[in-house]
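The domain 'Glycosyl transferase family 51' feature in TrEMBL is assigned to 50-223. Residues or ranges marked as domain 'Penicillin-binding protein transpeptidase' in TrEMBL: 303-424. TrEMBL lists 694-781 with the feature domain 'Penicillin-binding C-terminal'. Under the heading transmembrane segment, TrEMBL lists 12-30.
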Amino acid sequence: MNKAITHILQHKIKIGISLLLIGFFYLIPLPKPLFNAPYVTTLESTEGELLSAMIADDQQWRFPESDSMPYKFENAIRLFEDEYFYYHFGVNPISIMRAISQNISQGRIVSGGSTISMQTIRMAFGNQERTYGQKLIELFSALKLEAYYSKTEILQAYADHAPFGGNIVGLKAASYRYFGRPAHKLSWAESAMLAILPNNPSSIFPGKNQEKLKAKRDRLLLKIHENGFLTKDELYLAQQEKLPNSLKPLPNSAYHLLHRAISEGHKGENIKSTLQSKLQKEVDRKLNRYARRMRYNQIHNAAAIVLDTETGNTLAYVGNAKGNGDHGQHVDIITAQRSPGSLLKPILYAAALDEGLIMPKQLLPDKPLFYKGFTPKNFDKKYRGVVPADDALVSSLNVPFVHLLLEYGYEKFHQKLQNIGFKSFHQPAYHYGLSMILGGGETSLWEITSVYSSMVRALNNYTERPLRKGYSKEDYHSNYYIPRSNNEVQKLESDGFLRAPSIRYTLDAMQRVERPDQEAGWQYYGSSKNIAWKTGTSYGHRDAWAIGINGKYLVGVWIGNADGEGRPGLTGVSAAAPLMFDLFTLVDGSLKLDQYFGEEKQVCSQSGMLANKNCQETHTLLLDDYMTKGNTCTYHKVLHLNQEETHQVNSSCYNLSEMKNKKWFVLPPVEAWYYQKFKPNYQSVPPYLANCEQTESKTYFDLIYPSSFRKVHIPLDQEGQLGQVIFEAAHEDVQTQVYWHLDNTYLGVTKATHQMGIQAEKGIHLLTLVDEMGNEIRQKFEVVD
């Protein structure tokens, strides 16, 4: 009877203890997540190489959790810390009993008998004070950890959060700080050294107690050899490897992109970027070498970006030159808003082609323009009268493009910029006006290279997407520095992009831009590359830009001062272009414009418009129909001349049988006046023979300023007296005299150069000009304060 009662009591006690243990097991919570510490933000190349890192908020080098464990370290740490890790269930009873025995004999805790699972729990709990009670909690928690996590996950968590000395936490940080490379590239000796550090990181680490550290490492290497991972010769060589005696700096070749990623919500992450490691480092090296030379001219900042135009992926991103920070080197210039200078001219050229407003080589006016106080000038302060549109783009002439923008409409162009991806032009169109085309707005290197890259995609993909519009929305999107799948591409929702044929002619003109002196004779080398490129220089020489495209790759460069200080000689051609061409040596490719669109059309060789029957020379050009609407040559006409071809005649004064009919290239008076200065062989239209009646309306001369009714400011001289404003006219016949009148007062006569100083009181006035043949111009203007 007593035995039965005793058996029942023993059974109940066992059940009670079991229930207590089970309850204790479930009552002890595991942290969720297991570790909740701040992490370093890291940026890796597309190959997985570390490019830059930012320390965690608690000033610990604790890298984000990894997804793989290096083979050598896995076995080294297991053999050193927990040889039976893969065989126990979180607790090793033999190790526990041995630790208890050691602690009793020593009279204090000298060994914990902890498994890797128990050590992981202790780190997750914040390394609480080592007591028997805490050890019991860790024991049960380790059991629970094993129930919820796999062995691989537990070992990975341990490696990611173990202390490695100082403020170095985790294997990944330790491998870079001690050896300057990732853990999977470490040798057995290096892996063994790191495996012994978490056991006592405060007393044994590189640079301190080196002999003791080496002895422990070599003992572990011997154990690794005894377990069959190293041969005897390999063991000998491993034990001869030297220990590091100082910390190595972390890579920092993508500093600005890392900080950008942090600001865009990627703090504490391991950012796997699209950057190519070797290219990034070479661009960084070349840019900083170039920037050191520019400092002699007090130019302290530079930025460069390299893109894969097919995908929009960023392959290299250097946001600024290195420096001590005195000159704003911390500023990411790639995202900074700056004046683009002339970089929008190719876009206006393509947009005007799209509208059928011009043809590729159609003449644009290059004459003085006065518009609401805006008076653009060319870089050489000269006017050419007229210039082919593509040549105006090649030479980056300001005045023809302002005339073109005036005709296209700056409101429409403002909308076009927004359609194709510019977000920086957020002010109303009137805020920028015509100055928009000369750098009157602001954009960033990131934004403008996104647009140019999209244009290249639209051209290259046109044959695969033969849409009637000539473009696909899929091609227009921003650059990326984090890989995206096709479904993640952020397409623009707007419409009205640039058509592929227009883009082709734009790039064709851009590849004819004359290269800087350093590139002289480039076409004679076998390694030469065709590159379509454009520069920009902002007002006051504050910003120098260069953007180039070789088909597959795009290179964008900015040079200047982050604080906006201008410097003499800071132009796109002299400052930015040399670096851009140097960076192109790092990538393959040569631009091939082998896309053909439309049908062959007969084009007037002089005017660039569709040929009419009076054009003297023509050639064929492949053109889409939308480019040719209403663009028939208006410059060539048939003139009826006398036998000597010195005067125009008609049937009222000359015998029809003796008349000569001749095709003639006729420019308007102002354009003709400036054109003749650049083209002395230009033949002005002959005057009519005396006593001949002019049968058609013809303008022989015109006002340059004021060309229309406008408000005029009369300046004061140094003595405060009313000064003069210079009015100007142009006449086809440079020998003709022009008589000037203001209201009812005769002012004087001019010949060849028709300029007259005007002095007038406040109010509205009438200016009258009369030439020798009686042709007359009248123009009202208003003098204001």
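Placed from the backbone N, Cα and C atoms, the Cβ positions cover glycine too.
Nobody curates TrEMBL annotations by hand; they come from automatic prediction.
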Confidence summary (mean pLDDT) of the domain 'Glycosyl transferase family 51' (50-223): 85
Per-state residue totals over the domain 'Penicillin-binding C-terminal' (694-781) - DSSP helix, strand, coil: 0 helix, 50 strand, 38 coil
Residue counts (helix, strand, coil, in that order) that DSSP gives for the domain 'Penicillin-binding protein transpeptidase' (303-424): 38 helix, 23 strand, 61 coil
